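Listed features, source TrEMBL:
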- 50-235: domain 'BPL/LPL catalytic' (DOMAIN)
- Arg89, Gly90, Gly91, Gln92, Phe93, Thr94, Tyr95, His96, Ala166, Ile167, Gly168, Gly179, Val180, Ala181: substrate binding site (BINDING)
- Lys163: site 'Lowers pKa of active site Cys' (SITE)
- Cys197: active site, acyl-thioester intermediate (ACT_SITE)
Amino acid sequence: MTDLTAPIPPSADPVPTPAQAVEWRISDTPVPYPDALAEMEARVEAIRAGTAPELVWLLEHPPLYTAGTSAREEDLLEPGRFPVYQAGRGGQFTYHGPGQRVAYVMLDLKTRGADIRAFVHDLEEWLIRTLAAFNIRGERREGRVGIWVDKQPYGGAPGQEDKIAAIGVRVRRWVSFHGVALNVEPDLSHFAGIVPCGISEHGVTSIVALGHLVTMEDVDAALIASFAEVFGGGPDGE
């Protein structure tokens with residue numbers, strides 16, 4: 001399992017691997033977290049065994065908190081507010097719920113450079129390009145995994161920045177699972193029950209909270225297009 005907080009030096013645009021088939025699955029109704037974990041575990045083993053293709057699964061969860069391998073008990077501020085699950089991924093506490101697009105990314109990293117830090121960097125790039133499709137400038141921050149937005153162009157104070165997307169991954173025998181969570185239009189008050197990702201000095205935001213009226217379908221289309229640019233394999237190898 002991987003918890004990466006060390007910064008990665010700036011690099012050129014990612015060089016996609018040759019196109020290969022990646023299955024995309026979009027769930028229309030919220031998926032219970034234990035069901036998603038079980039499905040990921042099974043798919044990782046199938047990918048490792050060569051009996052199933054790589055998978056990107058787009059979904060939402062009912063309101064819940066997940067604890068990564070670095071989660072601190074004191075960062076769970078309201079233990080009884082929503083169910084809490086041990087995720088097994090890297091990172092600390094995060095919130096999942098309706099209006100947040102979760103993307104579970106199950107890729108065979110042996111065929112994609114076998115570099116976990118580069119993989120996380122590419123996940124960040126994927127999110128940055130997705131946000132750019134809606135004229136939002138998502139940015140990396142040294143020492144903080146995830147994607148951040150400078151709030152000053154949106155009426156915030158100089159230096160104010162909020163997190164718009166979280167990243168938490170696990171890798172087993174070079175097959176990745178878990179992934180990213182992009183705030184489209186969640187109830188941002190639900191984040192108040194935790195210290196998101198262990199960072200108390202910054203807030204959270206969403207695409208809609210920044211004034212961009214988009215649908216989940218709009219976001220899914222941008223995610224699919226940007227994935228092909230970064231990772232080199234869209235649906236059915238496009």
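For all residues, glycine too, the Cβ spot is worked out from N, Cα and C.
Those TrEMBL annotations? Automatic predictions, nothing curated.
On the structure: features taken from TrEMBL.
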residue	record	Cβ contacts under 8 Å, 6 or more apart
Tyr95	substrate binding site	Pro63, Leu64, Tyr65, Phe82, Pro186, His190, Phe191, Gly193, Ile194, Pro196
Gly168	substrate binding site	Thr66, Gly68, Ala87, Arg89, Gly90, Gly91, Thr94, Val145, His178, Gly179
Val180	substrate binding site	Val102, Ala103, Val105, Leu123, Trp126, Leu127, Ala165, Ala166, Ile167
Spatial separation of Phe93 (substrate binding site) from Lys163 (site 'Lowers pKa of active site Cys') - C-alpha basis, Å: 14
Farthest-apart CA atoms of Arg89, Gly90, Gly91, Gln92, Phe93, Thr94, Tyr95, His96, Ala166, Ile167, Gly168, Gly179, Val180, Ala181, residues recorded for substrate, distance in Å: 16
Local confidence of the domain 'BPL/LPL catalytic' (50-235) - pLDDT mean: 93
Helix, strand or coil at Ala166 (substrate binding site) [DSSP, three-state]: strand
Cβ neighbour count within 10 Å of Ala166 (substrate binding site): 26
Cβ atoms near Arg89 (substrate binding site) (within 10 Å, other residues, all chains): 23
